[in-house]
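**Student:** Before we start, here is the structure in question, set down as structure tokens.
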Amino acid sequence: MENSVKMDTSGNSTPLPQRQARANNQPNKNIGKHGPQKQNEGASDGGPAEKRQRFGPNNQNGGGGSVGGGGGGGGGSGGGGGGGGQNQNKNFANKGGFGGGGNRNRNRGGNQNRSNFQNQNQNQKSTTDAPKADGGNLNDKSNEANNANQSNSNSAAQAQAQLQAQAQAHAQAQAQAHAQAQAQAQAQAHAHAQNQAFRARGGGGGGGGGGGGGGGGGGGGRDRNRGSRGGGGGGQNSGGGNNSQRGDDFFIAQRLRSISGPTHELPPIEVAQETKFSGRNRLYVGNLTNDITDEELREMFKPYGEIGEIFSNLEKNFTFLKVDYHINAEKAKRALDGSMRKGRQLRVRFAPNATILRVSNLTPFVSNELLYKSFEIFGPIERASITVDDRGKHLGEGTVEFAKKSSASACLRLCNEKCFFLTASLRPCLVEPMEVNDDNDGLPEKALNKKLQEFNQERSVGPRFADLNSFEHEYGSRWKQLHDLFKSKQDALKRELKMEEEKLDAQMEYARYGQETELSRQELRKRESDNERKKLEWEMREKQAEEMRKREEETMRRHQTEMQSRMVRQEEDMRRRQQENTLFMQAQQLNSLLDQQEGFGGGNNGGGGGGGGGGGGVGGGVGNSNFDNFGGNSNSPFEVFRGNNNSSMAGNNAGPGANNQQQDSFAAFEFGVNNMNQGGNQRGNNGGNNVPWGRRRF
């Protein structure tokens, strides 16, 4: 059975060899990995992946409570995921979560609750039946090699055992479902008690066990319980007394900012009709029997008006109820107080009203309208009035009646914790509960207990006046003196309080003036510092501007100097070029004249030679004279050569004048040195003319 191979009926593939099964077959534990879960195949049948069984056999039929759906059923086939929240109940085949191969049920919200039913435990579904979006059980060769020991024959044998186990576990699953529901209720209550604002990700949770019971509940599977993230835990629990108080304080502060402006003109308060079922119409009914019902109380008070809410404490035999209007409450009190019911005398009184507050330490400029508007920020007000004497003088106190007890409690708390001012004066209003006695009937005779011994002793003597100097007169006078002392001390205390108030008022005004003066000084110092800072900034900007201006001037001056030097150089270059051009033109002219002169000088030399030696000498002299005269010209270009000894007519010295003229004429040229023989005649063939090109006469 271990090495049996399932053959492919299509005949398209040959069976693959199987490895021997190991004794300790390890399940596929890919829990908590980021990659997709590999398919745990029991045996490869050689067919395509679509035709193979998706899930291997479940080798562990033990309870899957630890990994299954949040304590959902054990047994062979594990529980389905519970709805609601993000429970990831990843119950795999080998974890006892889902029977016969354990489909991976990932519950991500109530609309994706894919439960596995009992008929899915036969492992005959194709891979298309399972949700593919989870990336759950994919083909992997390595996982196939590791888990090839689980054959289909073994899975068939175990499937039959699982069906039997499911039938046995189904009854247990029902009991576990009830237990789990109770556990979830306790977990939710605990989560609400802990004000941890975590999102509720728990599943709905049902029973685990046979064929798709509930998982997920109470944070099962991979639902990591973080604070109140239990199964079906309810949202963000941001309630609580502190949060409620903070919310009330926030809205009170908002309403206070809206009226923080001047209160010179306030509209008059419309006198509204009496509020129905107000706190002033609440009656206390005592000495009742413990068998009385609300219907009997309504029938008892029905002739006197409409009855509102009723609060009964039958253990202590008393009841609180509200009548529609105050006049009807008075009628009911007078009629039913002292009446008998089942052998007991009823006691009917007005209940203490916790919505009425006494406001004292008010300035004389606080009116009914200002008092109403100031205390309206705490909640709706039924009545607000200033207490005055018979002449209409302000007594420095008033009464505020709220519509709700919560508003009165908030007002009392905030005014005691902080200083609440109504005007510009720094006298905070003092708020305290006020006990209002609306009982105008007093104490009738029927309300007294005449069975007491003290009653009989006190009533034994009637009204009388004491005689002077008698025992009764002496002690009666002492009682009067005691009350007079109390009254005098009370008056003295009031006068002292008045003086202290005036003193504190003067100190307050002086301190206010000093504070305003100090604030003005601080403002002045601040402005002076700002002015000094602005002055320093202005000076810095001026300095920077001056430095920039100097840099710009220096740059401009440097540019101008460079431009001037450039212009001078350009002018010098231009003048030199002009002189060179002029000299070049003159040199060309002299060259042309020289060519002409050389032509004439050659003819003269020929004639002299024909005349003999003397004539030759004369002719040579004449020739030399012409040439030398040409060379002595101030425009001669041959001055640029060294050794040019110019001689005048027949070898005579030209004299210093000619030499000076030649030097002045060629002063601009520094190409060579003018060596002129100025001393005596030089006669000969050359005629004293040492020209560089060595022209000789024969």
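The backbone N, Cα and C atoms fix where each Cβ goes, and this holds for glycine too.
According to Swiss-Prot:
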COILED    484-582  coiled coil
COMPBIAS  1-29  compositional bias 'Polar residues'
COMPBIAS  61-86  compositional bias 'Gly residues'
COMPBIAS  108-126  compositional bias 'Low complexity'
COMPBIAS  145-197  compositional bias 'Low complexity'
COMPBIAS  201-220  compositional bias 'Gly residues'
COMPBIAS  228-242  compositional bias 'Gly residues'
COMPBIAS  518-561  compositional bias 'Basic and acidic residues'
COMPBIAS  599-623  compositional bias 'Gly residues'
COMPBIAS  624-636  compositional bias 'Low complexity'
COMPBIAS  643-660  compositional bias 'Low complexity'
DOMAIN    355-441  domain 'RRM 2'
REGION    1-247  region 'Disordered'
REGION    515-571  region 'Disordered'
REGION    597-698  region 'Disordered'
**Student:** Using Cβ atoms and a strict cutoff of less than 8 Å, what residues sit near the compositional bias 'Basic and acidic residues' (518-561) while being 6 or more residues removed from its termini?
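**Tutor:** Answer is none.
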**Student:** Counting by DSSP, what is the helix, strand and coil composition of the compositional bias 'Basic and acidic residues' (518-561)?
**Tutor:** 44 helix, 0 strand, 0 coil
**Student:** Could you tell me how many residues in the domain 'RRM 2' (355-441) are helical, how many are strand and how many are coil under DSSP?
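**Tutor:** So the counts come to 24 helix, 26 strand, 37 coil.
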